[in-house]
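Database features, via TrEMBL:
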- Cys77, Cys80, His81, Met118: heme c binding site (BINDING)
- 52-64: compositional bias 'Gly residues' (COMPBIAS)
- 64-139: domain 'Cytochrome c' (DOMAIN)
- 35-68: region 'Disordered' (REGION)
- 6-28: transmembrane segment (TRANSMEM)
Amino acid sequence: MGKNAVIPYALIAGIGILLVIVVSFVGLNQQEAIQDEENGEKQSEQQEGQSGDDGGGESSGGGETAANGEKVFKNNCASCHGQDLSGGMGPALKTVGSKYSKDEIKQIIADGFPDAGMPPGVVEGEDADAVAEWLSKQK
């Protein structure tokens, strides 16, 4: 009868607080590692872009642009439109090239569809050109 019922609850609460602190530090370290990894990828992409731009001619540009367009799409657009263009949160794009031209697709990328949940300017510049070109070939 002399047992204090508060002690087990205080012990559980203390362990819970300690667990939250440990998980927070682990998450913070993972966030820093992810940021470092992303910075490394951006630097390597910039180096590839600088070293790969040696004036090799127009014949190889189309294939590289299409491959780059697909890569940019998968990194920035596939989360909504699906890796295989089958749709998801965003509409399916399997036959978008038969409906819109490259310039129209580029305009859609720039302006977005805010009412439908697509923000404007998800990709810009050369990346937008590459994605628009690649999508315009999806017929």
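Glycine is treated like the rest: Cβ placed from N, Cα and C.
Curation plays no part in TrEMBL annotations; they are all automatic predictions.
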Have a look around His81 (heme c binding site) and count the other CB atoms within 10 A of its CB, chains all included.
23
Are there residues of the same chain, six or more positions away from Met118 (heme c binding site), whose CB falls under 8 angstroms from its CB, and which are they?
Cys80, Gly90, Gly112
Starting from the heme c site formed by Cys77, Cys80, His81, Met118, give every other residue of that chain whose CB sits within 8 Å of the mean position of their CB atoms, in sequence order.
Ala78, Ser79, Gly88, Met89, Gly90, Leu93, Val122
Suppose we draw a 10 Å sphere around the Cβ of Cys80 (heme c binding site). How many other Cβ atoms does it contain, all chains included?
15
State the count of C-beta atoms found within 10 angstroms of the C-beta of Cys77 (heme c binding site), not counting that atom itself.
20
Average the pLDDT scores across the domain 'Cytochrome c' (64-139) and report the rounded value.
88
